[in-house]
């Protein structure tokens, strides 16, 4: 009897409030002129949701377990660093990343003009295909009120 290798899917969510005086990093890009996001690392919600989706898909934990506030070496770390480390952990665990789809939710920054650049930056950091979309909540909730930014990611992984 043969056993089929089935893909696994993970979902990740990340939310950060805006924080004046910090640079704004979203999808591994700096967004000059935009208010930054509070967080232990750079607050990159797109990168963080992506890491969380990959870690849960591969049963390697979640964002808080792997990069939590109890890990001083990740204080101020960029989303690109977290993506690269997540990819390394998956490879060591015997997983291959199929792809990731991430959606940024909020009024600002406006992602459309830099979508391809953001996808390329995230894909390069991760070493796998990342697609990016963005939406607003039409004035509803914390993102609609302009209090912060959120992201939801879905990741597909398979055994190496």
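Just so you know, glycine gets a Cβ as well, placed from its N, Cα and C.
According to Swiss-Prot, the feature 4-CDP-2-C-methyl-D-erythritol 2-phosphate binding site maps to 14, 15, 16, 40, 41, 62, 63, 64, 135, 136, 137, 138, 145, an assignment based on sequence analysis. Around residue 135 (4-CDP-2-C-methyl-D-erythritol 2-phosphate binding site), the C-beta neighbours below 8 angstroms that are at least 6 residues distant in the chain are 103, 104, 105.
According to its DSSP assignment, residue 48 (divalent metal cation binding site) is helical. Annotation comment: Swiss-Prot describes 14, 16, 48 as divalent metal cation binding site.
As annotated by Swiss-Prot, site 'Transition state stabilizer' applies to 40 (among others), with the evidence given as sequence analysis. Within the same chain, residues at least six positions away from residue 40 (site 'Transition state stabilizer') with a Cβ under 8 Å of its Cβ are 67, 68, 69, 74, 75.
Look at residue 136 (site 'Transition state stabilizer'): DSSP puts it in coil. Positions annotated as site 'Transition state stabilizer' by Swiss-Prot: 136 (among others).
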Residue 48 (divalent metal cation binding site) to residue 145 (4-CDP-2-C-methyl-D-erythritol 2-phosphate binding site) - Cα separation in whole Å: 22
Other than 14, 16, 48, the chain contributes near divalent metal cation (Cβ within 8 Å of their centroid) the residues 15, 37, 39, 43, 44, 45, 46, 47, 49, 63, 149, 150, 151
Between the Cα atoms of residue 16 (4-CDP-2-C-methyl-D-erythritol 2-phosphate binding site) and residue 136 (site 'Transition state stabilizer'), what distance do you get, rounded to the nearest Å? 15
Taking the recorded positions one at a time (41, 136, 137), which has its Cβ surrounded by the most other Cβ atoms within 10 Å? 41
Given the binding-site residues 16, 48, 145, which one has the fewest other C-beta atoms within 10 angstroms of its C-beta? 145
Round to a whole number and give the Cα-to-Cα distance in Å for the pair residue 14 (4-CDP-2-C-methyl-D-erythritol 2-phosphate binding site) and residue 136 (site 'Transition state stabilizer'). 15
